[in-house]
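Asks: There's a structure below that I have some questions on.
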Amino acid sequence: MSTRTPSSSSSRLMLTIGLCFLVALMEGLDLQAAGIAAGGIAQAFALDKMQMGWIFSAGILGLLPGALVGGMLADRYGRKRILIGSVALFGLFSLATAIAWDFPSLVFARLMTGVGLGAALPNLIALTSEAAGPRFRGTAVSLMYCGVPIGAALAATLGFAGANLAWQTVFWVGGVVPLILVPLLMRWLPESAVFAGEKQSAPPLRALFAPETATATLLLWLCYFFTLLVVYMLINWLPLLLVEQGFQPSQAAGVMFALQMGAASGTLMLGALMDKLRPVTMSLLIYSGMLASLLALGTVSSFNGMLLAGFVAGLFATGGQSVLYALAPLFYSSQIRATGVGTAVAVGRLGAMSGPLLAGKMLALGTGTVGVMAASAPGILVAGLAVFILMSRRSRIQPCADA
């Protein structure tokens with residue numbers, strides 16, 4: 001029986017959200033860093049578009065095993081312990097990115113950075129959702145996840161305000177700050193009360209396909225894959241696409257800043273609306289907004305118009321992604337929650353890895369920006385349908401509502 005008072009529970013929740021927000025902030029900065037530094041990296045290492053696609057995808061490839069293994073280890077050894085190790089890992093390899101000396105070393109540094117980033121996210125979600133409990137879980141996860149687009153906006157600010165800085169600058173920031181956070185997390189981050197109160201064993205992956213969770217697992221995987229395909233294509237390729245459309249690098253960084261501000265706004269707005277709107281309305285809002293914004297990004301020619309298109313793209317693309325992160329913990333019990341979230345994130349990372357590679361291939365074939373954006377439309381429609389079914393069925397397929 002819990003002995004925590006309401007005030008102590010509230011303090012624990014706020015401390016957890018605050019510290020996890022800071023980690024999410026640095027995760028967002030590092031995820032955006034390669035896109036912001038792309039021009040400098042390509043020039044410094046004389047890389048073509050396909051090679052840059054591999055730079056982008058190496059980091060995303062690392063996210064996949066990181067999310068899968070990080071979630072499983074967290075259900076066995078604790079969310080806090082694995083999160084701290086993850087933060088140390090992506091901080092160290094962000095620094096390694098800044099001192100890379102050739103293409104292979106750069107790819108390896110981005111790969112290992114991705115492993116750390118991937119392992120961190122399911123633990124951020126699990127810690128926050130379990131500290132909040134069922135009633136405030138969606139809101140708490142949305143507040144925490146706001147750190148990701150805000151961190152990405154900070155990276156864009158470095159690109160916009162520091163156009164004359166070395167390309168390594170964003171990676172120095174993305175490495176030093178996480179390493180400073182490590183001792184703070186060790187001292188102040190509470191372990192999940194749900195995890196601490198249970199005897200843990202490594203959950204088998206087949207537990208995700210038990211009768212009460214199989215439908216949710218498959219639907220989550222489907223919508224994660226296609227939504228993250230679009231999000232990471234935008235994060236990695238949009239700055240270079242804008243420059244090819246005739247915008248200045250500083251203007252491209254400004255559009256990325258607008259995109260991430262839209263993402264932060266969408267994370268809060270869509271998270272708050274998740275339990276208030278009908279499923280069909282929510283699904284139509286998110287995915288029709290994504291389609292419209294991609295069309296605008298491929299066709300708008302004015303800088304002000306592109307700023308607006310970037311903001312709307314962030315609002316619905318990353319905002320929609322945050323809704324998925326808030327939804328996922330609802331469908332799994334505490335014994336398999338980090339594993340369930342981690343595997344969904346890992347499948348999403350497959351989409352995230354595919355997006356930059358697909359865009360690079362299409363650009364190499366000469367399809368241009370419009371072709372890249374148009375190719376994303378079928379995936380958005382599939383993801384929208386999966387989210388609609390998932391949200392419609394969640395009251396029937398949610399196995400439990402533990403804290």
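Each residue, glycine too, has its Cβ placed from N, Cα and C.
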Asks: Can you check whether Swiss-Prot puts LEU47 on the same side of the membrane as ALA328?
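Replies: Opposite sides, per Swiss-Prot.
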Asks: Establish whether the number of Cβ pairs under 8 Å between the transmembrane segment (82-102) and the transmembrane segment (54-74) reaches at least three, counting only pairs separated by 6 or more residues.
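Replies: Between the transmembrane segment (82-102) and the transmembrane segment (54-74), contact is present.
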Asks: Per the 3+ Cβ pairs under 8 Å rule, pairs at least 6 apart in sequence, do the transmembrane segment (165-185) and the transmembrane segment (340-360) touch?
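Replies: Output no: the transmembrane segment (165-185) is apart from the transmembrane segment (340-360).
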Asks: Mind checking which residues of the chain, 6+ beyond the ends of the transmembrane segment (254-274), have their Cβ under 8 Å from one of its Cβ atoms?
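Replies: Same-chain residues near the transmembrane segment (254-274) but 6 or more away: 28, 32, 35-36, 138-139, 141-143, 145-146, 148-150, 152-153, 155-157, 159-160, 234, 238-239, 242, 247, 282, 285-286, 303, 306-320, 322-323, 326-327.
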